[in-house]
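Listed features, source Swiss-Prot:
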type     : residues                                                                  : note
BINDING  : T8, G9, N10, P11, G12, K13, S68, F146, G147, Y148, D149, K169, H174, R175 : substrate binding site
BINDING  : E38, D67                                                                  : Mg(2+) binding site
ACT_SITE : D67                                                                       : active site, proton acceptor
Amino acid sequence: MPTLIVATGNPGKLAEMQTYLEPLGCQLTLKPTEIEVEETGSTFYENACLKASQVAKAVNQWAIADDSGLAVDALDGAPGLYSARYGNTDRERIAKLLQALEGVSQRQAQFICVVSIAAPDGSIQLSTKGICSGEITHSPRGDQGFGYDPIFWLPEHKKTFAEMTKVEKQKVSHRGKAFNKLIHQWPGLKFDSF
């Protein structure tokens with residue numbers, strides 16, 4: 001089984017991916033720092049594919065990438081692709097989103113994640129998508145997780161992501177769903193063909 005190059009410079013994302021892919025026993029390593037990929041896609045799918053493909057070609061190895069974000073219905077899908085750039089810090093992003101939703105009663109939202117795997121020639125061999133639907137709270141709750149977790153409420157669990165344990169969140173999150181699909185489709189990958 002090949003080592004997968006993770007198309008990120010973020011060690012936290014590498015650790016998270018290793019947790020999800022642990023059942024497969026594959027090795028993951030961060031992309032070289034000198035490889036920069038500009039996210040110019042207009043969808044999470046395009047950005048995940050772009051990152052995986054460019055990194056795979058640059059290092060001539062298999063690569064994996066994900067792209068994700070929060071889409072709020074009342075804001076026409078914003079912050080969407082710009083979720084990570086909606087402010088400088090998690091606190092700023094949350095404050096900006098809550099301000100944009102002030103006085104809005106319909107607060108449905110979805111976290112979306114797309115995971116893509118590219119062969120050494122850059123061709124995309126597998127992409128999966130996970131969606132987790134919930135609502136945006138009126139104020140932060142919980143101290144686990146990161147990003148928008150304190151304001152993303154899952155009615156069926158009566159908790160925000162930030163109130164869940166890591167294991168609880170992995171079972172229901174957008175990223176968990178995308179990686180679960182990937183694990184089930186993994187046997188179809190033809191690593192020896194490249």
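Just so you know, glycine gets a Cβ as well, placed from its N, Cα and C.
Keep in mind it's a predicted model, so treat the numbers as computed, not measured.
This view paints the features noted in Swiss-Prot onto the structure.
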| residue | record | CB count, 10 Å |
| --- | --- | --- |
| T8 | substrate binding site | 19 |
| N10 | substrate binding site | 10 |
| G12 | substrate binding site | 9 |
| E38 | Mg(2+) binding site | 9 |
| D67 | Mg(2+) binding site | 25 |
| S68 | substrate binding site | 22 |
| G147 | substrate binding site | 19 |
| D149 | substrate binding site | 22 |
| H174 | substrate binding site | 25 |
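Taking only the Cα positions, the spacing between H174 (substrate binding site) and D67 (Mg(2+) binding site) is 11 angstrom. Across the structure, S68 (substrate binding site) and E38 (Mg(2+) binding site) place their CA atoms 15 angstrom apart. E38 (Mg(2+) binding site) has T8 as its nearest neighbour among the binding-site residues T8, N10, D149, going by CA to CA distance. Rounded to a whole number, the distance between the Cα atoms of D67 (Mg(2+) binding site) and G147 (substrate binding site) is 14 Å.
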